[in-house]
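To start, the structure itself, in structure tokens.
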Amino acid sequence: MGLIARVRKEWFIIGIVLVITFAKLQPSVGVKGGPLHPEITITYVAVSVIFFNSGLSLKTEELASALMHVKLHFFVQTFTLVFFPIAIWLLLKVLALTAINEWLLRGLQTVACMPPPVSSAVILTKAVGGNEAAAIFNSAFGSFLGIVVTPLLLLVFLGSSSSVPFTSIFSQLFMTVVVPLIVGQVCRRFLRECLDRRKPPFGAVSSVVLLMIIYSTFCDTFNNPNIELDHLSLLTVVFIIFSIQLSFMALIFFLSTRKSSGFSAADSVAIMFCATHKSLTLGIPMLKIVFEGYEHLSLISVPLLIYHPAQILLGSVLLPSIKTWMSGRQKTLTPI
């Protein structure tokens, strides 16, 4: 395979390296209030584009079918909002015996209490040919559910509570997730024949938007002065976060691919991404609300700032392997 062909095939991985490098060199460009204005372009425009794109590309019957997949939805929401925080709480009982900063450990617990994101899990699921409709439903439903459940979980595990502006957060989710999805579906009704004939690069569009989200996320990470902890603490937290993600992804893969689970290969991919990913977009504002006035808020936020880009990086690196597994699974199930 020639160099140009290799670049075309691996353009997304190359793009990740480039945007992270640029974020490191010029983090001020992609932070809130910077030239990119991510508080608008990422929070509203990028997320809206992702779900409009999904609405335009998804067959209505597939989305309707996903809504009825109750077993899958129950599995995802139970794992991410019940099993995840309890498992991390038990892990932190052990880690509390070490020299790791107490507030960083509390930050890990806040990560566990967060809802799934409304973008990355959908894009990664779509990129490998997983059950995109199920990923969309669980990302949106989990985000709405998390607005109520996450503050309660933080109260239970960390003893912190505050009045949460449910109305404004629900409104934002409705406008950036539900409305674009519906508009995309309506447009598809009128453009179905054209879309089926031309086959627009929906996956490439979503991948470009994801690169924007990665860039903005790393700009925030590199621009945050509170990230400058000692190297050992940072490396320890990064190692713990990647270990948690890999362990939980492996656990979900094992549970969802058993014959008795009743899930297809496409379902397993959607479950794996939706149940292990956590929302930075909802998480950071929620932490600022729930922990308002906390002297150590910045330290509590560090694990979430690391977890979000880590989940996107890990998912992106695993894409080729998951694609290969999906192809092999489909060939096995295809009758000769």
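Cβ coordinates come from backbone N, Cα and C, glycine included.
In terms of which side of the membrane each occupies, Swiss-Prot places L3 together with F263.
The average pLDDT computed for the topological domain 'Extracellular' (223-233) is 69. For the transmembrane segment (234-254), same-chain residues at least 6 beyond its ends with a Cβ under 8 Å from one of its own Cβ atoms are 79, 84, 87-88, 91, 95, 100, 104, 108, 111, 227, 268, 271-272, 275-276, 302-303, 306-307, 310-311, 314, 318.
Ranked by the number of CB pairs under 8 Å to the transmembrane segment (72-92), the listed stretches 11-31, 139-159, 299-319 are led by 139-159.
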